[in-house]
Structure formats: C-alpha cells, structure tokens
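Encoded as structure tokens, the structure appears first; notes follow it.
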Amino acid sequence: MSSSRPSQSSTTSARSKHSARIIAQTTIDAKLHADFEESGDSFDYSSSVRVTSVAGDERKPKSDRVTTAYLNQIQKGKFIQPFGCLLALDEKTFKVIAFSENAPEMLTMVSHAVPSVGELPALGIGTDIRTIFTGPSAAALQKALGFGEVSLLNPVLVHCKTSGKPYYAIVHRVTGSLIIDFEPVKPYEVPMTAAGALQSYKLAAKAITRLQALPSGSMERLCDTMVQEVFELTGYDRVMTYKFHDDDHGEVVAEITKPGLDPYLGLHYPATDIPQAARFLFMKNKVRMICDCRAKHVKVVQDEKLPFDLTLCGSTLRAPHYCHLQYMENMSSIASLVMAVVVNDGDEEGESSDSTQSQKRKRLWGLVVCHNTTPRFVPFPLRYACEFLAQVFAIHVNKELELESQILEKNILRTQTLLCDMLMRVAPLGIVSQSPNIMDLVKCDGAALLYKNKIHRLGMTPSDFQLHDIVSWLSEYHTDSTGLSTDSLYDAGFPGALALGDVVCGMAAVRISDKGWLFWYRSHTAAEVRWGGAKHEPGEKDDGRKMHPRSSFKAFLEVVKTRSVPWKDYEMDAIHSLQLILRNASKDADAMDSNTNIIHTKLNDLKIDGLQELEAVTAEMVRLIETASVPIFAVDVDGQLNGWNTKIAELTGLPVDEAIGNHLLTLVEDSSVDTVSKMLELALQGKEERNVEFEIKTHGPSGDSSPISLIVNACASRDVGDSVVGVCFIAQDITGQKNIMDKFTRIEGDYRAIIQNPHPLIPPIFGTDQFGWCSEWNSAMTKLTGWRRDDVIDKMLLGEVFGTQAACCRLKNQEAFVNFGVVLNNAMTGQECAKISFGFFARNGKYVECLLCVSKRLDREGAVTGLFCFLQLASHELQQALHIQRLSEQTALKRLKVLAYIRRQIRNPLSGIIFSRKMLEGTNLGEEQKNILRTSSQCQRQLNKILDDTDLDSIIDGYLDLEMLEFKLHEVLVASISQIMMKSNGKNIMIVNDMVEDLLNETLYGDSPRLQQVLANFLLVCVNSTPSGGQLSISGTLTKDRIGESVQLALLEVRISHTGGGVPEELLSQMFGTEAEASEEGISLLISRKLVKLMNGEVQYLREAGRSTFIISVELAVATKSSC
C-alpha cells in the first residue's frame, strides 16, 4: 500500500521514517536560516515559512553546503553571552587554549588605566589556570577537572587570586578539551560551598513533592501543575509547556502568566520555529538561559594552533542566534529559561535487568519555557534544581504516555472485536449499512464504500463524481498498490484536491476487490485547532513579515490548510486488517478448510511439553512454599486463612491446624489492622501491593509476646477465568533488622559500632554526608556489591557510586537515577521516607533487587549532617520462590497468549466454513449429501462450544450452565463417530454400532453439543487403546421415568467396548482426579467425566478378558405430546 506519508507499524520503519523527516526538516531549517542571513531587515517571515513548506526539490538547497554551513554555525559559534566568561583548557596540561574576551577583566581585574611598557595580561593563551585562583580554589578545580564524570561536581566554587571574588565554575568535557563557564556569585546569594546535586535538589523539593502526589490519568493536569511550580520557583513572567507533535510542529499545552500579558495557550507553530539543530542541542544541554536578548555578545578567542574548532554546545553561556533574539524581542520577551523534557522513545528496553542491556533511546517530547519582559539571571544552583524538576516531570510524562498506550491497546482490541463483528454480517454492505460501521473503526469525518459500481457514503465525503475521479487517479498512478494513505491529497498529487475544499484533505483508501474500494476521509487540521491567544483590537494589524507567535500561528495554519491529522500506525493496521478480511471473505471453502488444517496443526503442536512445564513449575512452587525458610501464608476471598507454612508457624508460635480458618485480621497487631485490611482489599481487587510492613501477634507459653515485624508482598491467586479466588502473602521477617535500626536511631554517640559490626544480622549500610559524598560503606555492602570501602569513600554517591554510566553500581536507567535522587533529597530535607524498591548491578554484573530505607543523620543540635541508607534483601529461599513464581506466571501467560491467539484464529476460518456450508445448503443436494452437511454442522457447534470454554474450573467444580436443546441421538452419535473415523481407519479398527433403531430415533432434550463432546472423547481414548485390527462397538439403553403429564425423565446408558489390554490405570486415575499431575489425554477425560456429572450421570470402566468397556450414563428428558 503506497502512502504519501507512509504509515508502517514496525518500530524500525517508524524510526526510519522519523530520521528521514528530521533530515528533510533540517534542510528546510537551513534554507530558512540562509534566507534570514541574506535578507537582513527585509526578511519576510510568513512568506519564507510558506515557501519552505512547499514540496518539490526545486525549493530545497541546491547542495549540501547550505545545510553543512548552517549546522556548523549552530554548533560551533564563536560568541557567548556577557553574564559570565568562558575558558577552554587542554585536558592534560590545564593550560588555556581559548578564552572569551571578557575573561581577563572578570577573573584577573585588569586595570583600565593605560598599562606600563612591558606589562602583560595575566590571562591569555597558554596560561595555567591554577595561577589565577586562590590555593584552595585551584586544588578544588584540579580535583574536579581530573574527575571522570566532571559535570557531576558542578558547580565548583572558586575565588579569584587578585580580587577574591567568588565564581561558580561550571565544567563540561568536549573532544580534546575542557570547557569552563564562570558565573559570578551575586552578593545577595548564599554561595554553594560544595559540589553535588543534593544541594540543588533542595530548592525543588516542594515542586517535586507536589508532582509526585498527583494522581495519574491526566496529562493536562500534570502540565498545568508543572508550569505553576516553575512559575513559583523561578519568578518569570510567563511559563509555558510546549509539546512537539508527530510531524514536529509544536503546541502550547499549558501556560501561566502574570496579569496583563497576552496568553499563548493553544498556540500551534510550524516545525521551523524550533529548528532540528536546536532540538538536538536541547538533548545535549537540557537547560538553556538567555539573560538579555539585547545584550552585546562577547567573542571567544581560540588558539590559532588548534587543529579543530571548539564546540560550545554544552555551554550555557553560548550566545543565541540573531534570528531567535529578534523573535524574542518581537514578542516582548527579553529573557528566557528553557528546560528540555526528554522521554523514552518507543519499544526499547523493558524490565530486563541484564547488565549488558543498553539504555533506552530518548526523544524530545517538549519544552518548559519561561519568558520575562525584563532581563533576568537565574543562578546555577536554581537552574540545576529546574533541570532535576524537569527530569521528574519527564518521568511522569512517560507514565502518562504509557497509560495512553495501554488505552490505545484496549482500543485496538475493541477494533478487533468490531472487525470480527463485521465479518459475521452480509459482506461487504453490512459494514456501512449497520451499526457499528466503518466510521467507528478509526477517527474520521467521513467514509465510503465503492462496491459493484455503487457508492455507499457515510458522513462528510466527496461527491459521487469526485469519488470516481479519485478511483481513476488511484488506478492510473497507484496501479501496483492495494491502497493509499495520506494526510494531504494535495501533496500526494491528486489533481482535484483543491476542488474538494476543506471537507476532504486526508484520505485512507484500500482496494477490496478488482473494482471495490473502501475510503476514510479527514478534514483539514486547522478545523481542529483552537487558539486561546489574544484577539485583535479594532483597527490593529499584524505585520506578518515579523517573527512573532501570532505570525507563527498564521504560518502554521497556512502550512496545514490542505492537510489533515496524520493517520496513526495502529489506525492503518486496523484498516489493513479489515481489507484482508473483506478480500478473503469471498474465497472458496477449500481455502477455508486449508486454513483450518493449519490451525489444527498449530493446536496439535501445543502438546504436553507446555503442560509438563507448567506442572513442574507448579510442583516446585508448592514444595518451596511448604519448605521455605521465609513466612508464607494465604487467605480465601473472605480473608480466612487457608495456608500457613512451617516458618510462619515457627515465628508466631501458632500451629498450622490452629491457624487455618481464622480471619487474618485477628492475628495481626491492632496497629497493623488498617494496613493489612487495605492490603487485603486491594489484593482481592487484583491490585497487588509490595513491600508492605506490618506486625503480627506471637503465641505460646513464653513471657515474651513481642510481635514479629514482616515485609510482605501480596500475590492474588486466580482461577483459569482470571478471577481472584484468594491472596497469598510472601513475607520476610525483619524483626532482627528492625530492632537494630531502632537501636541505631536511638544512639546519640558511637554509630560506628553498628556500621562496622560484621554480625550477619547487620544489613548492608552506606551513607553520605550533607554534600553528597559517600561517607559510609559497611562490610555487608562490600559483600553484596563487590566494591571495597576504599573504592567508594569520598566519591559522589549520586553519579560515581550509583549512576547510569561509569558508576561503581550501575542503575538500570535514568528514571531509577532520578527516583534515587528524589529519595535522598527528601530525607536530607527532613521528610519521612517510606521503604522503596531499589536495584543496581553489582561488580560481577548480577542485578541486585532490594528495599531501600533512608534515615537522616543528626548532630547534637539536631541538624542534618548526612544520610544512612539501609538495604533489606530477600532471603535466598524467598528469591528462589519469587523467581519460580515469575517463571510460572511468564509460562502461564505465554501459553494463555498462544491459546488466545489460536482460539481467535480458529474463529475466522470456522466462520468461513459455516458460510460455505450455508451456501451449499441452498443448492440441490441429495439426501446423503445433506446428512454429511448435518454432521459437519454438529461438529462445528461442538467446536464453538469448546472455544467458549475459558473457565475450566467452572466445569470441574460443577458450575457450568447446560443448555436444553431438542435432538436425536442418531445425529449426536454419527457426529461423534465421524471424529474418530480417520484414526480408526488408519489402525484398521472395525466400528460396530449396536444401537437399536428406536433408540437412535428417539427425540431427547439436553445439551447435545456437550454430550457429543463427551462421547467423542471416550471414543478417541478407546481407539488409542485398541490394537491395530481390533474392534470397537457402541451400544446403549434408554430407561424412562415419567415425572409429569408431558415430561419423562430418561436415563441414557452408552457402552463403548473395545478389544485389547484396556486403558492404562494411570490415565483412569487422572480421569477420576486422583493424580496430582495429568496428561493432555487425562485432562480431556477428567473434563468429560465432569460434564457427565453435570448431567447427573457417572462414568465406569470395566475390564474383562480381552475386552474392556466404558459405561457412560446421563440424565436427559423425553418430551411426549399431551392429549387434547
């Protein structure tokens, strides 16, 4: 299927498409920038944007030189903003290789008087940076410059040797050099006395807490809260959240302003307003500040001997380009602060904990932008706090996107249901004449079906003449394609696109036969865009040539006036699915039978290996629970205990027989009743809480009745129908560790006695001082991580010890790093911290999962001097039990998915078989042929019944509802025997029907498909147990018992006899449910016997010399005509 903007469902294709769009957009950005540079004051913004948006190679630069020059200028500018100065150093010698022209004056206070003869500036190319700062400052700077992840130590506080003035040195590493931004510490500002992110995190603590307290489910609420918090934190006049759409254009989705400013909420702007190169820079340098767009830029002087040009991409001081400054001034924004919102891109790394797993791909979701009408400077610590806040915001955006993705998956499932529903109708007219119809399949403004030269239209569509025009165009220019999807018929080259007006811009069309087509239509994007910006005052006119938000909005509307909302990949998948179904609906029955055979082959492939795997896992799970050295107990849906293993009995002193039957809440401490009650209630709803701490009572003769403390995970027990039937609690006894921690918190003096104690009860403990340096690392941590105390002490806890790249203990991803920082920050600010799940890769590459508890360390005056972090590890048995549980769940889920797929795939060809049979029934058939069709119909009904069996437990437990249908035993018996004929013929087994004619023609009432299923299963088992050349016979009797004037109860007894040694005893034990493990055939017999029991019957098996017999008895009803 062709597409002017291809819609592919694969991730690789989507990325390729995205990369191609970025390259094309960068070329357009370069052309626009070149026009701006050439035009100067005569630059016409609106017309330039319109020109660059027009398709066609003639509009693009004639060569790559324009693009290369543009990218070089963006990345390697030679100017900085004047609110600070910049030095570039040789990484090995610490000598200056480049400096900004204002650096000598700012850092060495060069006199403005005329210098005396021979006087040289104190700072220039080749100067050793250590000579211009005080001794302690030079030492701190040298230590930072030798650091691996140098940016983790930002900012470094330094003092000039000549003036004593304090500066923040902000360092980052680029290829072959170190770049240092120096920003003066303002007189009113309390200088940050040590490096480390923790110092900045404190500034954003309130905002982070509010973001984390938000309920999920509303991206709008999340964005509104973010702009409100940044507004209060930074004090800018306007704060906005920009979101980038799939086609790279942007939209203001949240905004807050001071009174008197025009709102920009709802503003859409072209992709060129924030060029791709600028977006790349935002990914590298996530916070960007412009203090004064009118300030004169300062040149950077570079050593002429350098073999390369320095890049200032990572420098906050980097000067903005003139076109951006003009845009700012036109909108009366003199200063700005921009934070990048970077989220995960697509289906990347899942929950795998493999240490070799790469980090997730990232993409720029949007920006948080602050504007001010006057110059404004934000100190580095506050900018760092804003960057961290943006990372927390990005994590929540990720979660909202994942939630939207889940809703999307549900919509896809709904779509599949619609497709199946459409298939069962009169194809294809039912999909337009009934409800739901094809407009319910995807979001659209209109749809049409062209079938047998007739047009059936829904909603807003082209006229019949225009639609035939589109078909002719498709047939001429897309001959080899099965369809077309485009968001702009104009851009796709359809000659009559402009005549369609605003009603039809985008179209998805698919061919369903030689002359049959399906169409979906969308109107132009501008119809869905609403701008909440300021309205024009009477007499006011806009200058469209200037770069301004209102001009951007007009330019955006101009660009999209012939374009609709793009077709999503999942929408095209749904359309393709319907296309395939309709194209295949007319295939003959042989093709359907072939498909059915393939499905049956897949079913046969799903053999005993899956069941044995599940059974082995289940058996191992039961054994582990019974013998585990961790407490495990379980309750039913009423909260009454039905499981109580040896370890929990040992800890509580309550034997198993006394515990079973008690309500769980009667056994826990009063202080824990609410916690356990909530945990139990959520678990019964399927919401499994983890790492919940509560206390449970102890029993016994000893005087010590202190409760035991447990950390508990709830696991909902489910039946085959996925209904919750109970809750299993897997716990860990932390009484000893809790006592140690309680003792620790009470200690005022020698805490080292605990930290350095090698006793096995002491958990892994590490600590940090108030500046973020690792200050404690006990022997348990060394054993757990493989890193010695000397390896980690005096390293940055966040980044060097625990980080995402070159850290000792690597965290799984950036989200884990940010969450860890939030926990440490909250504890440092005095907040109570609950235990959280924590994980990292040890030195040997093994992933460690544990619970993290953070406690603040206080001095005698009560001031926070650092943090202690305790890790609680699950025991080996518990880890193994949880591992086995995960394996069991994964295996079960895998098998369920396969079964769900096969059940779904069976239904389509089955519907085709039914359709073919109905078509045959309408033809002239002989009596024998009609009988064959009736047998086929009986087998199809039986198969449908089995496909509907999603809850086997209901059958086993006797809760299945049986149907009451009128039938003749002859029809059921013939259909049952037909299912074994191929196998019996293959073994040359003779089938003898000893049923009397009267019995076969008796009219009975009951669940005939279920009776047929039962007989077919027992017949198959008998055939399997009969030697080749043997004999199988079927006989039966019917005993009637009148229970009313018009109804008689009938006891039907069917005997299936076969020669040979008989059915194996093991298989019979499985049928009667006495075996814990059952084979595929055993489960089939067990289900059949349970179905017989549901019919008030029973199954027996008799062995005789050389012959064995199944005796199946069931209760049915016989209807008699009442006398008139």
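Just so it is clear, glycine is given a Cβ too, placed from its N, Cα and C backbone atoms.
Swiss-Prot assigns the feature region 'Disordered' to one of the listed ranges (1-20, 341-360), namely 1-20. Cβ contacts within 10 Å of CYS323 (phytochromobilin binding site), excluding its own Cβ and spanning all protein chains shown: 16. Within the domain 'PAS 2' (747-821), the DSSP-based counts of helix, strand and coil residues read 23 helix, 16 strand, 36 coil. Taken together, the residues in the domain 'PAS 2' (747-821) have a mean pLDDT of 83 on the 0 to 100 scale.
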